[in-house]
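J.: Structure incoming, see below.
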Amino acid sequence: MKIIMKIEMKNGKLVVPDYPAIGYIRGDGVGEDIFPQAQKVFDAAVLKIYGQKKKIEWQKLLAGGEAFETCGEYLPKETLAHINENLIAIKGPLMTPVGESFRSINVTLRQKMDLYACVRPVEYFKGIKSPVKAPEKVDMTIFRENTEDIYAGIEFASETNESHNLLKFLEKELNVHSIRFPKTSALGIKPVSPEGSKRLVNAAFEYALKMNKKRVTFVHKGNIMKFTEGGFRNWAYEVAREYPTFTKLEYDEIKNERGSLQAENEKKAALKSGKIYVDDVIADNFLQQIILNPENFEVIATLNLNGDYISDALAAQVGGIGIAPGANINYKSGHAIFEATHGTAPDIAGKNIANPSSLILSGVMMFEYLGWQEVAELIKIALSFSFRNGNLTADLGGKLSTSKFSDVLIDFIKTY
Ligand code: NAI
């Protein structure tokens, strides 16, 4: 007899029953088109790998427009309670309510669950058009800090009491006199802490070890923002010391003391012995480097705003947001929300033409997180096969509808 059970976190490890209850938020706009199709693909892959032994017990959760229509709230507390209790959920895109007190339902979900790592793997699939010459060189996973930085939302509008009071405080108490137009400036605050930075960097290293990655790069703007972004860099290097690594700091120290040749030799020896090479790159240079030499990077750890820019820039290099997956994870509590990274695409919603790949690849990340590795691999093989053979949706230059595209995947899975 099958027993639906909760996923639990025990001694720092995720314990996944054979019939786990997983909440899903269908999403607004194209969410209605892509979610049911993606779900069929997930179920077909689980059935193929495990037969009746394992199955996802989907539990519908309300959020966004659908929730507002049904119960007058964009993010009902039942939805939050379910994710809190059951740890894992997967979601389609949600519209951002205009003129509401909170900025976005996605941001609220991340904050409420303290989902501190935004994980975005970016890899190229053959058959997909790309604006760059060698997209196959892109194979990176971005770990973006998800709870701090300017996303904390501490901002005061131009010419308000709040910004004037803050300005007075800055001038009187902190002797700040460098604001160019003090009377009219809007002001914002950028909190970055060692705790927030280190837990994110830890997650990046754990991932690098698990996935056998050889390089971790910290991306920051510490040359300008010494204590926030520079702090992130320094705390990140502190975390690197807890792992089998050879860092650029060590390299530079050897180079200064004993010369370049020695530094190069020691780096080579360290990498040969299986250590991870760790360095840091200033964010603006990094945006050049991912176009010029993307093969040099594997795992990226960065702050919230940098991560936002980098994720979309890299997604564009491999074919756009229609195929970029994402996850927001708290590795300590186990809470995780997997999500399509694009929006509700109102221009194509309801037409059965949206690309479900971003959501399907988010599902791949979910299965990896659950430890159902074979399911994840099978879905990825099906996607590769489909793209390689020109089975594409309109956004990628193909002719397939959302449902036809998922039928191709399901047929492949059934006969694999
Ligand atoms: P969008 O991502 O919805 O659309 C941008 C462009 O990409 C449009 O041309 C759209 O047709 C296309 N596109 C997006 N997803 C696609 C898919 N799966 N297949 C084919 N083409 C696709 O961004 P936009 O228009 O800025 O936002 C619309 C709404 O979505 C807003 O309310 C916004 O707040 C929300 N949003 C939600 C996100 C989430 O839930 N994670 C993320 C981004 C935006």
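Placed from the backbone N, Cα and C atoms, the Cβ positions cover glycine too.
Keep in mind the model is a prediction, meaning the values are calculated, not measured.
TrEMBL feature annotations, pasted as is:
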- Lys91: N6-succinyllysine (MOD_RES)
- Ser104, Asn106, Arg110, Arg120, Arg144: D-threo-isocitrate binding site (BINDING)
- Ser104: phosphoserine (MOD_RES)
- Lys133: N6-acetyllysine (MOD_RES)
- Tyr151: site 'Critical for catalysis' (SITE)
- Lys221: site 'Critical for catalysis' (SITE)
- Asp308: Mg(2+) binding site (BINDING)
- Asn355: NADP(+) binding site (BINDING)
J.: How would DSSP class Arg144 (D-threo-isocitrate binding site) in three states?
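T.: It is in a strand.
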J.: For the C-alpha pair, I'd like the distance in angstrom between Ser104 (D-threo-isocitrate binding site) and Tyr151 (site 'Critical for catalysis'), rounded off.
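T.: So the Cα of Tyr151 (site 'Critical for catalysis') lies 11 Å away from that of Ser104 (D-threo-isocitrate binding site).
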J.: Quick one: of the recorded positions Asn106, Tyr151, Asp308, Asn355, flag those whose CB is under 6 Å from ligand 1, and say none if nothing qualifies.
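T.: Listed by sequence, the hits are Asn106, Asn355.
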J.: Need this for a regression test: recorded positions Lys91, Lys133, Tyr151, Lys221, Asp308, Asn355, filtered to those with Cα within 10 Å of Arg144 (D-threo-isocitrate binding site). What's left?
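T.: So the list is Asp308.
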J.: How big is the gap, in Å, between the Cα of the residue listed as 'N6-acetyllysine' and that of Arg120 (D-threo-isocitrate binding site), rounded to a whole number?
T.: 22
J.: Taking each of the binding-site residues Ser104, Asn106, Asn355 in turn and counting other Cβ atoms within 10 Å of its Cβ, which one has the fewest?
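T.: Sparsest of the binding-site residues Ser104, Asn106, Asn355 by Cβ contacts within 10 Å: Ser104.
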J.: Just report the maximum Cα pair distance in Å for the recorded D-threo-isocitrate binders Ser104, Asn106, Arg110, Arg120, Arg144, no decimals.
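T.: The two farthest binding residues have Cα atoms 19 Å apart.
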J.: List the recorded positions among Tyr151, Lys221, Asp308, Asn355 whose C-alpha is within 10 Å of the C-alpha of Asn106 (D-threo-isocitrate binding site), in sequence order, or say none.
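T.: Passing the 10 Å Cα cut: none.
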J.: Which residue, out of the recorded positions Lys91, Tyr151, shows the minimum number of other Cβ atoms inside 10 Å of its Cβ in this structure?
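T.: Taking Lys91, Tyr151 as the recorded positions, the minimal 10 Å Cβ count falls on Tyr151.
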